[in-house]
Amino acid sequence: MPHITVKPFDTSCIKKGNYTKNTEVLFKAEDNFSSDELIAINHGHENFLLCLKKNPKSWLLKYDKVTRPLKVNLLKQGIADVSTGLNLEVLQSNITIHPTKLTPSSEYEKSIEDFTNIEFPFPSVAIEVGFGSGKHLLYQAIKNPNRLFIGIEIHTPSAAQVLKQIEILGLKNIWVVNYDARLLLEMIPSNTCHQIFVHFPVPWDKKPHRRVISPSFLEESMRVLEVKGRLELRTDSPKYFWYSMETFLGDTVSKTAVEIRKNEALDITSKYEARWLRQEKDIYDVYVTCREASETRVLDFDFSFKELVYKKELLEKISYKPELFDGFFIHFERLFKIGDEAILIKLAFGSFDRPEHKYIYLDKLQSYYFNSSPVKTLTNHKTHLKIMEYLNV
Ligand SMILES: C[S@@+](CC[C@H](N)C(=O)[O-])C[C@H]1O[C@@H](n2cnc3c(N)ncnc32)[C@H](O)[C@@H]1O
């Protein structure tokens, strides 16, 4: 991932303002408990953070995972502009920008915010969760030109790769969303999808809370699917297969229709599947059919902080231990000072199996989530109200 190492320098030279025509430094934030610093920039109409890690002889300037934009060239150019603007002595760099590789912003890349009051420009919609190399997603989109395929992938380089393929193949019926599918699904209107594909999800045997399939994912899938629409799981892991069966047929499910197939060949073989087939592993398909229409979901949660502003007393109040509540948690992870009058808090919060990772900016006049608000779910909103209560000293 893009980074440079630079000779140590006096960071007091980092000031708010324009460094180039396209790059503006918004603020600099210093970690309260280590020497790390964050530089907030606006580049190419996107706000994101760069992280400065100070080792004794050289410093590392790199991207921040929570706020990183999808396009790697934006990151590279942002780092390059900051480095040139500050006149940094670069010791090592991997940010060569290849002009031919610059991709214009793609109309097929959607952000989580785009899904507030979304309308689909196709008569039918399907979702693929964790599309990886995108082989199956692209195949389906080519085969069904009148259906919109929403590919949701948490791994940013995979999402960027597939966006390139969409441009190359000239496809008009795919949207790519670089986000946690478990959260995004909650933004999709009820009764709208024909299929939800979950092919070869990561088994997460040691961290089951990270699995895509869960009782709440099943519930959301059934809400989002149209009547007779299907959730389609394909896995090579016997453990995941049995875990899914327990989830699909468990106590919380009163009525369902589940179909199982073993070693069914599909028209298209993904990269992962090819590997398992070479190893002669069994492949399991589980199809869960939606049987009932669901109620409409209204997403009108407000994630603003209203009158909340920064007060010095807050520095004493914040506890860095995770706090558990009924159905959600809040974990303030790090605090960064922006001069004497503002702070940036890094936190994880929300439901246990679908946590959000965000920053909150607070100064004497205003507070907001940097660089985007949480997904509009009931649990996130409940947590947001608790965060507001907590920060209001
Ligand atoms: C084992 S790979 C399978 C990729 C592809 N479906 C295939 O069959 O080749 C699992 C993929 O799911 C993605 N993934 C894992 N958890 C996810 C989540 N919560 N939301 C979206 N994508 C996720 C991973 O980044 C990875 O690309």
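Just so it is clear, glycine is given a Cβ too, placed from its N, Cα and C backbone atoms.
Unlike curated records, TrEMBL annotations are generated automatically.
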Candidate sharing the S-adenosyl-L-methionine site with E128, E153 (per TrEMBL), from D114, D180: D180
D180 (S-adenosyl-L-methionine binding site) - helix vs strand vs coil (DSSP): coil
In sequence order, those binding-site residues of E128, E153, K206, D236 whose CB lies under 6 Å from ligand 1: E153
Sparsest Cβ surroundings (other CB atoms within 10 Å) among the binding-site residues E128, E153, D180, D236: D236
Largest separation between Cα atoms (Å) of residues that the record links to S-adenosyl-L-methionine, namely E128, E153, D180: 12
